[in-house]
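Notes to accompany the following structure.
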Amino acid sequence: MTDFRQQALDYHAFPTPGKISIELTKSAETSKDLALAYSPGVAEPVRAIAENPEDVYRYTAKGNLVAVISNGTAILGLGNLGPMASKPVMEGKALLFKRFAGLDAIDIEVTHRTTQDFINTVANIADTFGGVNLEDIKAPECFEIEQALIERCDVPVFHDDQHGTAIVTAAGLLNALEIQGKQLAKVQIVCLGAGAAAIACMELLIKCGAQREHIYMLDSKGVIHTRREDLNEYKALFANNTDKRTLEEVITEADVFVGVSGPNLLPADALKLMADKPIVFACSNPDPEIKPELALAVRKDLIMATGRSDYPNQVNNVLCFPFMFRGALDVRARMINDEMKLAAVEAIRQLAKEPVPKDVLTAAGVDALEFGPDYIIPKPLDPRLRTRVSRAVAEAAVASGSARIELPKDYMAE
Ligand SMILES: NC(=O)C1=CN([C@@H]2O[C@H](COP(=O)(O)OP(=O)(O)OC[C@H]3O[C@@H](n4cnc5c(N)ncnc54)[C@H](OP(=O)(O)O)[C@@H]3O)[C@@H](O)[C@H]2O)C=CC1
Ligand SMILES: CC(=O)C(=O)O
Ligand SMILES: [Mg+2]
């Protein structure tokens, strides 16, 4: 067993199994405390909430509580390993919600037979939480699940692998294109993968200005084209009228490669075929579509990003999902709409252009970071992400009519 593998297992096992626990916010030391916390005192907020349902935000933890819900059908890039195997990732997301956004999050792993069973399970418990973060649910079921839950739930529902990934990809790509001197509306994009992350990334890039006909998408059977008869309705939206059938054919002279598929699927020889000053986002976790050292060895003019913490340019939804929910919950948004997503893209993107504080450099273990090929996107440990992205999201929720309350006074002032 490698050192790192053992370290990762020990990190999860000791001193307490898992990564999260529940703590009390009220004293429970005396008989008086218990009389207030439980019987008879608890009857008072019960009556208040029964009379005025909005009081649930005043007297319970709902407004700061997120459910992280999975069925384990697309765990990172490891595939369909089932609900229990997804639990460390879901606890990990809960850790990130707390660490970066101060939100309490609890993981829920659902065993189910049909897609409708899953939808019913989540819809029936959603009111417990301020928001629902869906995670690692494979395509195409994830699209039907998210849509049905958005319609049925009274709290924001957000499939992180779709929209969190798309927001961070769009922010990083717009900056990388600026550095390479290219425009989103003109570039040729190859997207390897046609699942949750891929479809959402490409749809958001189109909203940011990319041309649908400039995008070539590939799934495990190759290029998605109009003569294929095995496409689901989501892939069909990306079917090109083309004779190209292979990755090598579509990547020739392409400007951008976005990988949201699986490990080591981009051969170095294919990368050599890309246009001058290419951009490669190899975002599969834990192992990217191509290793940065291999990619940079064949293309010196490349801007390279992965989903991992141990290389420059981490394009990972952690830069976004804690703050999407922080902003949404703080104005009790009904849903997370396109305006809120685009506001997050812009906030993340602009932060990368600002000077980086010393404590962020120290946390990142580097001497300097400056907007450029090795710094296209903020570092996850940058505390300004919380203020900037949450504020942008909350303001967009208010402006677009999704918010149920006004922006709190001096919200996220720095
Ligand atoms: N960096 C980040 O923030 C994030 C990264 N990801 C990564 O993206 C990847 C996909 O996740 P997600 O979209 O949720 O999963 P899905 O299961 O929804 O989609 C996986 C997609 O990958 C395709 N695929 C699998 N093998 C190949 C192959 N050999 N060639 C081309 N395509 C292939 C599948 O093709 P088919 O449709 O034919 O089955 C499918 O379209 C994972 O590796 C995950 O770690 C996801 C979210 C966030
Ligand atoms: C980062 C993430 O959510 C994933 O790889 O699935
Ligand atoms: Mg995920």
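Cβ atoms here come from the backbone N, Cα and C positions, even for glycine.
Here TrEMBL flags Y38 as active site, proton donor. Spatially close to Y38 (active site, proton donor) yet at least six residues away along the chain is no residue at all, judged by Cβ distances under 8 angstroms.
Around K93 (active site, proton acceptor), taking its Cβ as the centre, 25 other Cβ atoms fall within 10 Å, counting all chains. What TrEMBL lists as active site, proton acceptor is K93.
Summarising the annotation, TrEMBL assigns divalent metal cation binding site to E135, D136, D161. When Cβ atoms from all protein chains are considered, those within 10 Å of D161 (divalent metal cation binding site) total 26, not counting its own. Mapped onto three states, the DSSP output places D161 (divalent metal cation binding site) in helix.
Positions annotated as (S)-malate binding site by TrEMBL: N285, N316. Cβ neighbour count for N316 ((S)-malate binding site): 23 (other Cβ atoms within 10 Å of its Cβ, all protein chains included).
Within the model, the domain 'Malic enzyme N-terminal' (17-150) carries an average pLDDT of 98. If you look up TrEMBL, you'll see 17-150 marked as domain 'Malic enzyme N-terminal'.
Positions annotated as domain 'Malic enzyme NAD-binding' by TrEMBL: 162-398.
Taking the centroid of the Cβ atoms of E135, D136, D161 as the divalent metal cation site, the other same-chain residues with Cβ within 8 Å of it are S70, A74, I75, V89, L134, I137, H159, D160, A196. Proximity to ligand 1 at the level of Cβ atoms, with a cut-off under 6 angstroms, picks out D161 from the recorded positions Y38, K93, E135, D161. Among the recorded positions K93, N285, N316, no residue is found with its Cα located within 10 Å of the Cα of D136 (divalent metal cation binding site). Comparing local CB density within 10 A for the binding-site residues E135, D136, the maximum falls on E135. Within 10 Å (C-alpha to C-alpha) of N285 ((S)-malate binding site) lies none of the recorded positions K93, E135, D161. Comparing D161 (divalent metal cation binding site) with N316 ((S)-malate binding site), their Cα atoms are 10 Å apart once rounded. Distance from the CA of E135 (divalent metal cation binding site) to the CA of K93 (active site, proton acceptor) is 9 Å.
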